[in-house]
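K.L.:
From Swiss-Prot, for reference:
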type: ACT_SITE; residues: CYS50; note: active site, nucleophile
type: BINDING; residues: THR49, CYS50, ASN51, ARG52, SER105, GLU110, PRO111, GLN112, GLN116; note: substrate binding site
type: BINDING; residues: GLY185, ALA186, GLY187, GLU188, THR189, ILE190; note: NADP(+) binding site
type: SITE; residues: HIS95; note: site 'Important for activity'
Amino acid sequence: MSLVAIGINHKTATVDLREKVAFSPDKIHDAMKSLASRTRSGEAVIVSTCNRTELYCNNGDEADIIEWLEEYHGLDHQDVAPCLYNYHGQAAVRHLMRVASGLDSLILGEPQILGQVKQAFVKAKEAGTVALTIDRMFQNTFSVAKKVRTETEIGAAAVSVAFAAVSMAKHIFSSLSTTKVLLIGAGETIELVAKHLKDNGVASMVVANRTLERAQSMCEEFNATAITLAQIPDFLPKADIVISSTASPLPILGKGMVEKALKQRRHQPMLLVDIAVPRDIEPEVADLDDAFLYTVDDLHSIIEQNKASRKEAAEQAELITEEQSHLFMEWVRSLESVDSIREYRSQSMAIKDELVERALNKLAQGGDTEQVLIELANRLTNRLIHAPTQALTVASRQGDLNTLGQLRTVLGLDKN
């Protein structure tokens, strides 16, 4: 039994090559069936994200799997091979556990990868490319990722601006589910902020953008309300949290607009997070009572502190993946021992059946009973001791005392 992990990721390849080896959702079902057909066990899972494409197989040949990947995407070996990494046995299991735990991610400890690995596993089950070993490998991996999350602080500290902004909001408001949020801008950073807010239970979001169409497109995913920048004064008084990130050269929110909104809110506190450069919110807003303004510099200082915290947590997480991958391989070896015992017994029974049938035929033809039994015993003995005798001979000729000692123990030659 041989577990193999072959992949390419953000550390080894450019985005251009990663795009070429990626598998689209509508094709991954058939791709996994095709890959599984190249393994002896029919087991394969493909994990394909923007940052990585990885193939996990049981009883597959490394060179054959790489050839399949290149053929599937129509790529030249010399273009792909230098960017590939591969792991076998326990190293393959540990790599999967590290990936699912966020230890191999671009942002250390990011939680999204676990969901992506789970989704890949579900698709593999739907494709019928999962059997006992791969199933157990992935189920154990999900348990390990959960263990890493609960027993370390790997995911507790924010290490991206978007995540840090939402984490700050969580510290100030006891529950985000009842807060009203105004997002200004509709770019990638604000979209990521919206995702983190949704994951934390925020149900009421308004997205303000210069072009309404872009805001509407983003709002569909998050069930939010889209408005233009000109409508901000009407919605600002309702906002408990304001997070802004636009490319505007001039501030979007001035001190006067925020002051007016706070009066309408009867001086309920408002958190404002400005993650734009240049700034979207006038710095004088921080002088207002009940307005709590944080800039991207404030967030970066938090992020740097948290990176150090995550590195400490990562060291603990690495120990967990090492221990758990070792335990998994012990289970795999127990399966192999059961298979070996079954195969050895089956082989011995086949020899016995063959020789007994030959002896019965001779008896039926009038052969001497004593002679037939002696011949049966001799033939059976010779056949059964043939392989052990060969192994002992080879070990003796090579002076391999370790193997010789193990063989003597297995064959019971050292018993008194």
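Placement of Cβ uses the backbone N, Cα and C atoms for every residue, glycine included.
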K.L.:
Which one is closest to GLY187 (NADP(+) binding site) in space, judged by CA to CA distance, out of the recorded positions THR49, CYS50, HIS95, SER105, PRO111?
P.N.:
CYS50
K.L.:
Cβ distance under 8 Å to ILE190 (NADP(+) binding site), same chain, sequence separation 6 or more: which residues?
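P.N.:
Result: ALA162, LEU183, ILE184, VAL207, MET218, ILE243, SER245.
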K.L.:
For the recorded positions listed here (CYS50, ALA186), which one has the lowest count of neighbouring CB atoms within 10 Å of its own CB?
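P.N.:
With the recorded positions CYS50, ALA186, fewest surrounding Cβ atoms within 10 Å: CYS50.
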K.L.:
Rank aside, I only need the closest one: which of the recorded positions CYS50, HIS95, SER105, GLN116 has its C-alpha nearest to that of GLY185 (NADP(+) binding site)?
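P.N.:
Checked the recorded positions CYS50, HIS95, SER105, GLN116; minimum Cα distance to GLY185 (NADP(+) binding site) goes to CYS50.
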K.L.:
Quick one: of PRO111, GLY185, which of the binding-site residues has the smallest count of other CB atoms within 10 A?
P.N.:
PRO111
K.L.:
Please list, in sequence order, every residue of the chain apart from THR49, CYS50, ASN51, ARG52, SER105, GLU110, PRO111, GLN112, GLN116 whose Cβ lies within 8 Å of the Cβ centroid of the substrate site.
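P.N.:
In sequence order, the nearby non-listed residues are LEU106, ILE113.
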K.L.:
What is the total of other Cβ atoms whose distance to the Cβ of ASN51 (substrate binding site) is within 10 Å?
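P.N.:
The answer is 21 other Cβ atoms.
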K.L.:
Express the distance between the Cα positions of the residue listed as 'active site, nucleophile' and GLN116 (substrate binding site) as a whole number of Å.
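P.N.:
Distance (Cα to Cα, whole Å): 11 Å.
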K.L.:
Compute the centroid of the Cβ atoms of GLY185, ALA186, GLY187, GLU188, THR189, ILE190, then list the same-chain residues not in that set whose Cβ lies within 8 Å of it, in sequence order, for the NADP(+) site.
P.N.:
GLU191, LEU192, VAL193, SER245, THR246
K.L.:
Return the member of ASN51, HIS95, SER105, GLN116 nearest to GLU188 (NADP(+) binding site) in space, with distance defined Cα to Cα and candidates limited to these recorded positions.
P.N.:
ASN51
K.L.:
Give the distance between the Cα atoms of THR189 (NADP(+) binding site) and GLN116 (substrate binding site), rounded to the nearest whole Å.
P.N.:
20
K.L.:
Within 10 Å of the Cβ of GLU188 (NADP(+) binding site), how many other Cβ atoms are there?
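P.N.:
There are 10 of them.
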K.L.:
Determine, to the nearest whole angstrom, how far the Cα atom of GLN116 (substrate binding site) is from the Cα atom of HIS95 (site 'Important for activity').
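P.N.:
Spelling it out, the Cα of GLN116 (substrate binding site) and the Cα of HIS95 (site 'Important for activity') are 15 Å apart.
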K.L.:
Mind giving me a neighbour count for GLY187 (NADP(+) binding site)? Other Cβ atoms within 10 Å of its Cβ, every protein chain shown.
P.N.:
15
K.L.:
Measuring Cα to Cα, how many angstrom lie between ALA186 (NADP(+) binding site) and SER105 (substrate binding site)?
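P.N.:
Roughly 25 Å, rounded to the nearest whole number.
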